[in-house]
């Protein structure tokens, strides 16, 4: 397709211009709901639901201020805790596992990889009932650690696959050279391998952060007042929905902001992460 | 974890000679396996054990609001599940939602990836704009769609469509499945676009130039070279997308609550209703098991397809 744009003659150039315009229009259409959400977040409620929709208005920060008066903080802190701790746990479990699968492969590596990916295919609805009952019996309902454990399990397969693909890229010669120079395993791991897989670690962490920050199903079923995360704060607007669009838009904007910013910064790693390391 | 392995397992490697070959081979085997075990054990405990418990529950009649109602009933929950009209409808809706979302998102994704695989002003900006819907929290996205986009009176969609004679159309209650699929397509198109775009950019420039030298037009080049090359990426996108979209819950919970009636319930939402609003543990568990079996069948077929296409590429 790129070839079409290479030879530029008169009509070709015009059609290239048209394609560019089309691409821009589609991009803006796709982005529009996000843009409208952000715009609405800066409106007074009276400007939020009008017919026709109002594009010009006096912006206000009132909605954001009101969010924190409405008690948004605990939700954000819970999300932050569940996301950070589960991501660290995932890396702690997945990196050694990926090492065992990539650098010095154990027997039946394929089977182990297949097992991990199959746990990702297991629909969560199939395990939610026993998890709820067991958590209830051991007093782990509405406890943020329950979410930490579940988010760790949810992201572990992806992380193992990703880290394996990154570790496989380290040339065998590098490791041989390190061994030849008498480096201990500890030195090899920290001084040779860690710098080489650092971008991979970042990509894996990003994917874990996205999925656990945005997770809703476990949170809505297993938490109540103490351990509820940000998506539940948003759901709280559904009861009064219709009246507080601007407030809702401000909450949605704030809830999405961390992941959107992280994803923008790390777009390249995103692709690799989403394909579980299959696409470089 | 890794430093742990480093200090305990390896340093004296040249110093200590292996005592007996068979023993050291086994020890070497365990040393290789050791870093894998924590992850493996964790995954088994957290995912497989609950599933075994689900299997057990599915053979029992048990309602949470009636303590002591638990008793073994064999396969009767399964008989009830298959006789349940709503379950069949939810299964059908799941297929419609998954297939609809994945196919439309993939078609849009291929188109967008082709448009983005050209050099033009602001290319990285447009790519960022298109990526964003995937990063938005699904609950937030669903709320925005339900209110500011699809609201019958004040929604943008009806405002844009009003010149075409669309009045105060109530999307989420008159066309619930279409609304849900629209929000899902919006969320998943970026995913497909990024995957296909990566595929396009991994194409060898020399092959494309050779095709041009040989007199192949853009359409011919696309059909004979680009599309076969993209096949692997498209299959990967469809497979991964389907795995996630089958489990769709957020959009349905927010936008339609499975309604009106049960018109837009999918299996995850229906099981949630049975378990957490009906407290019927046995039935919900049996449905969960049926969903897993269905997923295994579909996933096996999909994986086989995927591996076959890999094999073809290698030939």
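Even glycines carry a Cβ here, placed using N, Cα and C.
As given in TrEMBL:
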type	residues	note
COMPBIAS	B:1-10	compositional bias 'Low complexity'
COMPBIAS	B:11-21	compositional bias 'Pro residues'
DOMAIN	B:91-302	domain 'ABC transmembrane type-1'
REGION	B:1-22	region 'Disordered'
TRANSMEM	B:36-59	transmembrane segment
TRANSMEM	B:95-116	transmembrane segment
TRANSMEM	B:128-145	transmembrane segment
TRANSMEM	B:177-200	transmembrane segment
TRANSMEM	B:233-254	transmembrane segment
TRANSMEM	B:284-307	transmembrane segment
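Scored by C-beta pairs under 8 angstroms, the transmembrane segment (B:233-254) has its highest count with B:177-200, from the stretches B:36-59, B:95-116, B:128-145, B:177-200, B:284-307.
Each of B:95-116, B:177-200, B:284-307 was scored by its Cβ pairs under 8 Å to the transmembrane segment (B:36-59), and the highest score goes to B:284-307. Residues 51, 54-55, 57-58, 60, 77-78, 80-81, 87, 91, 235-236, 238-239, 242-243, 246, 267-268, 270-271, 274-275, 278 of the same chain lie 6 or more positions beyond the ends of the transmembrane segment (B:284-307) yet place their CB under 8 Å from a CB of it.
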